[in-house]
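Participant: The structure is given below, and queries will be raised subsequently.
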Amino acid sequence: MAGGAVIENLSNRKLFVIFAGLLVIQIMFFLIGAWYAPSPSSYMEFEMITCRDETKGLSGEWIHRDNCQQISELSEYTPSSFDLREIVFIAKMPHTRDGIELEYSPWFQFLLGVLHVDVEYSEHFKYVAHAPLELEVRMGYRDKESKKNEWKELVTSNVTRILECTIAEDEKKAGGTYDCDMLDLFELGSSSYPFYLINIRIPINQQACQFDNKSANCQIGKLTGLRLIEIHQNGGFTLVWLWTKTFMTPVVAICLWWYYNRINQLARNPLLLERAILLLGLSLVILDFPIEWISLTYRIPFLLLISDLRQGLFYTVLFSFWLIFAGEHLIDDNTRNNLKSYRFNLSFIITASLGLLIYDLIERGIQLYDPFYSVWSSPTGSQIAYFAIFISAISTVAYFIFLFFKIARVWSTIKSKRSAQIYQTSENRRLKVEGVIYRFKFLMLFTLLCSAFTIAAYFMKQYGEAQLHGDEARDGFLTGSTSAFFTGAFGMCNIYVLLLLAMYAPSHKHYRGASQLIDENDDDEIMEDPSNQHTESNAMTTFLKPSTD
């Protein structure tokens, strides 16, 4: 049996069967998302009811539809004092439809709320660009066993958002309206309760505004109403997603254990490339593990944070592996199989990962106890977020420049050595080396395809989440029919890692304890080891290493 990895010793027929089977599985992942999974997210829109509270919130009483002294037209309402805290905007989530009280389900996984502010043009109450909007927000919840209006407090918070509005020239008249951007309001990392109630007060002291127009909410213009758009993950998508992860987790775990046993039974220490593949498989098992099943029974408010951390770990390991995968076929024997040789390139990945980790820990971490917090709501928080994202973006761009440079060098090295050496050898050896090169090229092309699809899926997910927080929340990428894209990307990542585990496992079926494997049926080795150090290595790596002649 020949030495090296499995990919170098399988027959073309077996490889074709394996690749054809993987292609069928990949198509199945796409079809599962296209046929069985609904769109990833859905939304509900609430026209917040305007109520009058004479106590101005001092009583601690929840204001809901049944005890609401409704204000029919806010623009015509005359308050009883200068303090406008007596005006309360309420929304009970979810809707009551056709007399049936709808419920939120743990299958929804998360709840996200964005706020739309209706501002009317007025010569007396003028809107000032970039006006800070201060809100006193109170969120309550109710269980199925509780009485209809028995609300328990979830969180109370004072939040500040920047109100960005524009108006056309022909709208600058009585009754004209501003076009205002959506505002982030809250984000819950789990859908733990079936019913929620929101009370919002906008603290405005009209007397203070007369003396200082920079007082709280004195520059927001003539506010006529609030609309709340709530977004959640579809339960049907969650079901398909969880069963897909549940099916793939043991498959990847078994393959990872098989791969570990293969490299552990060798008489040498694992190569750097083998250790990188092992770590990549482990990170995929962590990513695939369907911890979301637990959230269906128990309240896990930190589920979004865990999801982000798992995804960040996988992408960090995956990007590091791509560098090592390309680099191990280029560097010379003095530095090959040494992680220190990649410390410069890996520093870009570490920097980008740390930047995004800091941003995520601040945003998601604080939201664990204050879902109304947004890192973008304060100048200091915005600066930290922008700095972290900027450093991460620069590092990511630099990383991909190095990666594509290394891949280009690999292809160039293959071409030059192929023309210089292969055809000077025997026909049998030439055919073997041609097979090794062909299979390596295929895997490299599949790596490029997987990297492109993985990066596209990552950025499309980030773009979709940004849309959920902005003006395109109702028509965003994640609220469209994109389930096939995400299940397809998930399938490709798993297939790619499984292919690496299977194809790059040491091929030593009959020579488990040997330090060097030799083909008994061929005296002419595919790649001779001139140093005669008796270290089983990848044949492609041996072929591409610099000549010592």
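Placement of Cβ uses the backbone N, Cα and C atoms for every residue, glycine included.
Relevant sequence annotations retrieved from Swiss-Prot are reproduced here:
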type: COMPBIAS; residues: 530-549; note: compositional bias 'Polar residues'
type: REGION; residues: 524-549; note: region 'Disordered'
type: SIGNAL; residues: 1-34; note: signal peptide
type: TOPO_DOM; residues: 36-236; note: topological domain 'Lumenal'
type: TOPO_DOM; residues: 258-275; note: topological domain 'Cytoplasmic'
type: TOPO_DOM; residues: 297-310; note: topological domain 'Lumenal'
type: TOPO_DOM; residues: 332-345; note: topological domain 'Cytoplasmic'
type: TOPO_DOM; residues: 367-383; note: topological domain 'Lumenal'
type: TOPO_DOM; residues: 405-439; note: topological domain 'Cytoplasmic'
type: TOPO_DOM; residues: 461-483; note: topological domain 'Lumenal'
type: TOPO_DOM; residues: 505-549; note: topological domain 'Cytoplasmic'
type: TRANSMEM; residues: 237-257; note: transmembrane segment
type: TRANSMEM; residues: 276-296; note: transmembrane segment
type: TRANSMEM; residues: 311-331; note: transmembrane segment
type: TRANSMEM; residues: 346-366; note: transmembrane segment
type: TRANSMEM; residues: 384-404; note: transmembrane segment
type: TRANSMEM; residues: 440-460; note: transmembrane segment
type: TRANSMEM; residues: 484-504; note: transmembrane segment
Participant: Residue counts in helix (H, G, I), strand (E, B) and coil for the topological domain 'Lumenal' (297-310), per DSSP?
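Facilitator: In the topological domain 'Lumenal' (297-310), the DSSP-based counts are 8 helix, 0 strand, 6 coil.
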Participant: Per DSSP, how many helix, strand and coil residues does the topological domain 'Lumenal' (367-383) have?
Facilitator: 9 helix, 0 strand, 8 coil
Participant: Using a cut-off of under 8 Å between C-beta atoms, tell me which stretch among 237-257, 276-296, 346-366, 384-404 contacts the transmembrane segment (484-504) the most.
Facilitator: 237-257
Participant: State the mean pLDDT for the topological domain 'Lumenal' (461-483).
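Facilitator: When the pLDDT values over the topological domain 'Lumenal' (461-483) are averaged, the result is 57.
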Participant: Look over the recorded stretches 237-257, 276-296, 346-366 and say which has the most C-beta pairs under 8 A to the transmembrane segment (311-331).
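Facilitator: Comparing 237-257, 276-296, 346-366 against the transmembrane segment (311-331), the winner is 276-296.
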Participant: Residues sitting near the transmembrane segment (237-257): Cβ under 8 Å, six or more positions beyond its termini, same chain?
Facilitator: 29, 32-33, 36-41, 107-109, 278, 281-282, 284-285, 288-290, 292-293, 483, 486-487, 490-491, 494, 497-498, 501-502
Participant: Can you work out which residues elsewhere in the same chain, 6+ from the ends of the transmembrane segment (346-366), have a Cβ less than 8 Å from its Cβ atoms?
Facilitator: 189, 302, 304-305, 308-309, 312, 315-316, 319-320, 323, 373-375, 381, 384-385, 387-389, 391-393, 395-396, 398-399, 402
Participant: Against which stretches of its own chain does the topological domain 'Lumenal' (297-310) lie, if we need a Cβ under 8 Å and a gap of at least six residues from its ends?
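Facilitator: Beyond its ends, the topological domain 'Lumenal' (297-310) has Cβ neighbours at 106, 109-110, 187-190, 192, 286-287, 289, 291, 357, 360-361, 364-365, 367-368.
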Participant: Per DSSP, what is the helix/strand/coil residue tally across the topological domain 'Cytoplasmic' (258-275)?
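Facilitator: In the topological domain 'Cytoplasmic' (258-275), the DSSP-based counts are 11 helix, 0 strand, 7 coil.
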